[in-house]
Amino acid sequence: MIMAIEEYIGFMSRGGRGPGGDELRRRAKEHLLSSGWTFHMKRKYDGRQELRYMAPHGASYISLIVACKKYQQFSCSSTSRPPRPNRSGKAAAASPAKPSGKKRGRAVRGGCEETDAAGSDEECSTAAAGPPCAPRTKKRRRVAALYAGDALRKSAAAKKKKASASASPAASRVLLPRPKDGGKTQVAAAALVPSACQPSRARTILTVLMEKNILRPTAKLSYRRTTRGPAVKQGTVTVDGYIRCLCGCGRTAFTVAEFAAHANGAATTERASAHLFVGDRRSLSQCLVQLMHADGRKNRRSPTPTPSPGARVKRKCTTEQEDGDGVCSVCADGGEMLLCDCCPSAFHHGCVGLDATPQGEWFCPPCRCAICDSGEFEPAADEFTDKTVICCDQCEREYHVSCIRSRGDQLECCPEGPWLCSQKCSNIFQRLQGLVGRSIPTSVEGLSFTLFRSSKLPEEQAMAAEEHGKLRMAFDVLHECFVTLIEPKTQSDLSHDIVFNRESWLRRLNFRGFNVVGIEKGGELITVGTLRVYGDKVAELPLVGTRFAHRRQGMCHLLMNNLEKLLGELGVERLVLPAVPELLQTWTESFGFQVMSQSDKLEIAEHTILCFQGTTMCHKFINKAAAPQR
């Protein structure tokens with residue numbers, strides 16, 4: 001019996017923990033390779049890549065431990081028959097493999113990248129041949145050599161996908177501005193082109209309802225102060241998304257808010273949708289609830305972390321959630337990467353300031369305590385110990401309970417509400433909460449700066465529906481500005497995920513905390529941006545766009561001026577964004593941004609900043625002198 005295989009099987013039977021595990025894995029893999037086995041990356045239907053171990057006779061296994069057990073079975077049965085030849089026609093070696101003496105890293109077999117001694121996920125599943133294996137204990141390993149581009153191109157050539165997934169995943173992660181023709185260019189042909197992207201049509205809530213066939217064009221609307229009260233004003237819905245008043249006032253186009261103000265004789269703080277009724281006696285608020293439910297059914301996808309009204313305590317990833325990522329969380333490219341020992345995120349060595357693979361466990365910057373810089377934590381869900389890790393609801397940094405207590409904070413149990421790590425984060429959190437849903441007048445008459453977000457907390461259905469309607473308008477504006485961006489790992493629209501705060505166990509796809517900022521005119525969104533504020537250190541603006549009909553009118557400048565003023569008042573140091581090549585010069589020369597150096601990126605490495613392939617990360621330091629004196 002081969003000692004390397006035996007020792008590794010024994011190690012895994014004891015739980016796979018303890019010193020020497022990396023060396024045992026390396027020896028087991030070297031022996032399999034010397035015996036004619038091959039390793040390759042396989043792309044799954046959802047875009048994820050997994051390492052496969054293929055025996056000389058063609059059977060493929062998803063984990064190293066299963067491969068070793070199968071090898072053990074083949075070795076025992078081979079005493080009565082000669083060994084099977086490998087693909088080169090030579091008999092498989094029967095002697096233990098000697099250490100190669102090569103630098104630890106990746107092994108290349110048949111043009112495919114294979115993870116090094118510590119790079120594979122010790123997974124148990126049903127192999128291509130053989131019974132299901134016993135449940136495993138899984139521990140995140142350190143190095144993953146994933147060349148996503150090559151593997152995915154081969155897979156794409158072998159199997160045709162639907163139109164929504166026909167573009168290669170490498171291209172799917174590229175942020176592309178949508179041409180004015182709606183994206184019907186060769187570059188955008190593989191992407192989904194939403195029917196809602198009509199540059200000439202206003203993006204109002206009425207437009208969204210008509211596109212969903214919830215509201216008919218030319219439908220009659222009436223403003224009533226009570227449900228059964230008399231109609232104060234009446235009008236009809238136009239195909240452009242406005243209301244044409246029938247009172248003979250001479251004005252032909254009102255937004256919902258303007259029509260409510262016209263009916264009352266002045267602007268009102270009440271929700272206009274609750275007082276506008278369609279001819280069949282449905283209120284506009286009920287129409288919005290119908291829209292919210294329809295979108296909810298359409299966008300049901302894979303399970304995500306369940307939002308909790310209380311403070312967030314770090315949990316241990318389950319087997320399904322722990323699959324290693326195939327792209328770097330910093331630059332969004334593939335290649336040879338490190339896997340964090342705590343989360344599924346992957347990183348290029350250079351992107352996290354490393355020259356070589358570190359010995360022992362390695363934790364990515366976001367997984368380390370902001371005080372002690374350690375990534376160890378106690379994952380018990382029902383206990384609150386010194387090693388419990390709690391996350392700040394504003395800056396997203398993690399803290400050990402013991403480290404929080406050591407600085408004098410009293411934290412005996414898990415807080416029931418949001419937990420903020422500092423007074424600065426608390427001030428920013430409260431200020432942003434107070435701005436949600438408000439319209440702030442700008443220097444241009446008739447235009448206002450607004451901020452809203454997707455709330456995960458229970459609230460009145462009508463309020464949630466109105467909030468959903470605004471987010472839906474913002475989403476449609478972004479679809480008009482950018483070619484649909486499908487994330488291969490989730491097969492979901494990234495713009496939708498960002499706007500609606502889709503959460504994920506994978507940090508680069510966890511969009512919790514995003515706000516939508518915009519410039520609106522009478523309820524119509526003109527310019528939209530997605531903003532996430534990581535405490536007072538950095539804020540990110542990954543997507544920002546202006547509708548075609550309002551471009552070259554200074555709308556983006558107006559949005560950025562108001563946003564920078566707000567960030568200055570909040571005390572945020574810098575704003576970062578990914579610039580597409582076509583607009584890099586505009587961001588640097590017209591808006592005052594600078595291209596980020598590697599040292600600049602390392603300064604904010606503890607925060608997961610959204611990046612897209614083909615973009616250049618830029619930043620701008622915020623002028624805090626703009627903040628009001630307190």
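Just so it is clear, glycine is given a Cβ too, placed from its N, Cα and C backbone atoms.
Unlike curated entries, TrEMBL annotations are predicted automatically.
Range annotated as region 'Disordered' by TrEMBL, chosen from 38-61, 158-181, 206-229: 158-181.
A mean pLDDT of 88 is what the model gives for the domain 'PHD-type' (325-370). Helix, strand and coil counts from DSSP across the domain 'N-acetyltransferase' (473-610) read 52 helix, 40 strand, 46 coil.
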